[in-house]
Amino acid sequence: MKHGQLWHTQSWEEVLTTLEASNDGLVDATVEQRRLVYGDNQLQERTRVSLVSTFFDQFRDFMVIVLLIATLISGLLGEFTDAITIIVIIVANAVLGFIQQVRAERSLASLKELTAPTARVLRSGEWREILARELVPGDVIGIEAGDRIPADARILHSEELETVESSLTGESLPVSKHVALVHDPDAPLGDRTNMLYMGTVATRGVAQAVIVATGMATEMGKIADLIQSSEDAMTPLENRLNQLGHVLVYVSVVITIIVVIAGLFHGHEMYEMFLAGVSLAVAAIPEGLPAIVTIALALGVQRMIKRNAIVRKLPAVETLGCATVICSDKTGTLTQNQMTVKEVFIEGRAILVEGDGYDPIGQLVDRGKPLQSFPPSLQRLIDIGITCNNAHLVVENDKQVALGDPTEAALLVLAQKVGRTDAFARVKEFPFDSTRKRMTVVVRHENGMTAFVKGAPDLLLGQCAFVQLGTEVVRLTEQKRQEIVHGLANMAGRAMRTLGFAYRDVKTMPASVEAAERDLVFVGFVGMIDPPRQSVRESIQTCKQAGIRTVMVTGDHQLTAEAIARDLGILPRHGVVMTGVELDRLTDRMLEDQVDDVYVFARVSPLHKLRIVKALQNNGHVVAMTGDGVNDAPAIKASDIGIAMGKSGTDVAKDASALILADDHFATIVAAIEEGRAIYDNIRKFIRYLLSSNVGEIITMFIAMIAGLPLPLLPIQILWVNLVTDGLPAIALGLDAPEEGSMNRPPRSVREGIFARGLGRKIITRGFLIGIMTLLVFYGALSVYHTGLQTAQTMAFATLVIAQLIHVFACHSGDDSRFILHMFENLWLVGAVASSLVMLLIVIYIPSLQVIFHTSRLPLLSWLAIVLAALIPSLALSLRRRSRSIRTVSVRTR
Ligand code: ADP
Ligand code: MG
């Protein structure tokens, strides 16, 4: 069965025989054997970048190369200790960068793993959900609208199946697929209508198919090399920071040149100034920035996974923090999707159903009395309910649970309560879709055929011409219609999800859905409850405080949606509820005018979702939109943050999304937004820290050289600061947890630059103060206390380091006046600072290192001066802040 088979010209029975497969699926032993033969059902990835080349990439940086050359020169000039130490530091820097990059890549790879596609497969006669990669030829799979086809397969049986094969054939229109033979052996792929191809998607219908080829043997595998596009994982922020990095390179180079020239002018040695200049440039350029940003993103993404939010597209992490509107599904996201039929409406009155959940226990109560015998219309309603149904009930741990659509499972439970469980034999299914909002099956019986229809009752009523009363079928008069509409409004107004039932006897198989679903006999409808999910109310409240509006977008009845929205706190007193029909009457402009007041969109179809997203975006909103079905994909894609449901979502919706909710829960969206804000905050924090450190170093050197002082910091010391003081604490800042108040402020504007809200000013002032204090200490030691050059340099070095380590806490807490209060919140940070301090003491006090770093031991009194000087920037800034806030207070009281 290996040679190239013409599967499409064989009957499905022949195909099964050739593949040594059966209608019941393969048995596990066969699967194991075949996995050994055929391997994973996966397209081979292009060779990945090796670890070695990642490591050597770290040295490719322009400034590092210059530094290496400089080191070489100093080595040639006989400064061996200097040369060796600098090389050790460069290597250490490279190792750090390497670890950072590998870590970031690993976590991105594990992310891919999480979103790995799955498939429904029939093995040993039972349906299972497995990873698509574990499929083998001969496996029988189930396909449903919205599924991505996991391998090449021959259809065994299908209903209304359509697939889009644009990824393979370029044809963007859906192709309808069925089991029938294709006789032309040379038919192009697009015409092999009984075959399904890996990577294409089912957009309608259902099917069973047997796999004929997996992995690289599939049609997709044959062209895999052509289609493998490496998605650019850079986020807008990373891009902007890269650009910033380039600017900073130029600025530092210019400053360095000035410093070098000034130094030479004041009589410093050429070689010394060259090395100092290069070291300064290396220190000043935040080459670690992109890597740390990637790490912060990766770490944040990991935290999101812990909270059930799986990020598929990294840029979404940034956009999350800007979200101003969340458009959320109702069923399953805001509610539990645990349906229980509570009332049945037949013949003009409601019958109550007792019991909860999927337990088949409970009586039916009519006008206060338990029903003993069941009227024919009720029996008919239940027949339709269980026949027009694809759900199953299974017992797990002594409890009945639903497999499939909970709305349908609830009908099975209702049938159990009535003791009626035999469904009719179906000959045809017109599947449910969220535009028609109904589903129809055709059944055969001794007197001919009947179409059973169930769906949204208000819409279904429009397709009905008759109504069932007892055993009789009478014309649906306006009065009868009103009676039903009234009953519907009553149930929907009590937050119940309603579902109507109708049928029509037909002589022959209806040619189309439209033909099957007209002139129907209305039987009745049911009302089911679906309780809100836990903590949704709190999450919506949190969103409000965070300046994010929640909008419910649902296919459900207007009144049901309205009642639930009010209950959950989504719908304010004067909020508007708009239906799909009303929306259709509006032009895009009119919709834009009104959309800001609408809190609930009811009875909408997926196409409406797209219009809603567009209208909100045109009003300047950053929109998060959820969805699960095939037709939701355009809206998900168009939104700023497309969100797909992990459990109930289709592959197509997931492919279009930027974020997947593993638990389908609304609260998870809010958690993701909180993390998104935190990640951005953290990035700003370490940018603040890193850049002000760099400014500090530049200022120190710059002023000293202009003023004709000796070098305040030696090249090796600058490099040490760059590696130790700048590196570790910056990474630790990326680990900061979300701040307490992060969900109490409005969303950040998408247009806001990274230095907005005073960050640029803070960086410059702080850097300036740190530089000045370092210089003052240096100058004081040198010229006032005559400590000698080496001691003065050591003191400058220590002042710079300690001032920066104090600053890191201000970056963490956001503010100098409170940093002590928040000092121990991030233990990584405490650890990073402590280890930097210890390393500072080591290079100052260990004699062999003193030689290398040109340091000398300092007396206690010097330390007092150093710590005092290092504290001054913090004190100055917190005093200034305080006086400013006092001033604003006095202005306000006046
Ligand atoms: P939502 O997910 O927003 O609640 P849906 O699009 O799933 O909305 O459902 C809209 C309406 O379609 C429901 O109110 C119900 O009346 C009807 N409906 C839902 N599921 C089914 C189904 N499986 N078969 C027939 N009708 C259904
Ligand atoms: Mg739904």
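Placement of Cβ uses the backbone N, Cα and C atoms for every residue, glycine included.
TrEMBL has this to say about the protein:
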| type | residues | note |
| --- | --- | --- |
| DOMAIN | 6-79 | domain 'Cation-transporting P-type ATPase N-terminal' |
| TRANSMEM | 59-77 | transmembrane segment |
| TRANSMEM | 247-267 | transmembrane segment |
| TRANSMEM | 273-299 | transmembrane segment |
| TRANSMEM | 686-707 | transmembrane segment |
| TRANSMEM | 713-735 | transmembrane segment |
| TRANSMEM | 763-782 | transmembrane segment |
| TRANSMEM | 794-814 | transmembrane segment |
| TRANSMEM | 826-848 | transmembrane segment |
| TRANSMEM | 860-879 | transmembrane segment |
Positions whose Cβ lies under 8 angstroms from the transmembrane segment (860-879), at least six residues beyond its ends: 765-766, 769-770, 773-774, 776-777, 780-781, 787, 791, 795, 798-799, 802-803, 806-807, 810, 815-817, 819
Segment-segment contact (the transmembrane segment (686-707); the transmembrane segment (826-848)) at 3 or more Cβ pairs under 8 Å: no
Chain residues outside the transmembrane segment (826-848) and at least six past its termini with a C-beta under 8 angstroms from it: 720, 724-725, 728-729, 731-733, 735-737, 794, 798, 801-802, 805, 808-809, 812, 855-858
Confidence summary (mean pLDDT) of the domain 'Cation-transporting P-type ATPase N-terminal' (6-79): 80
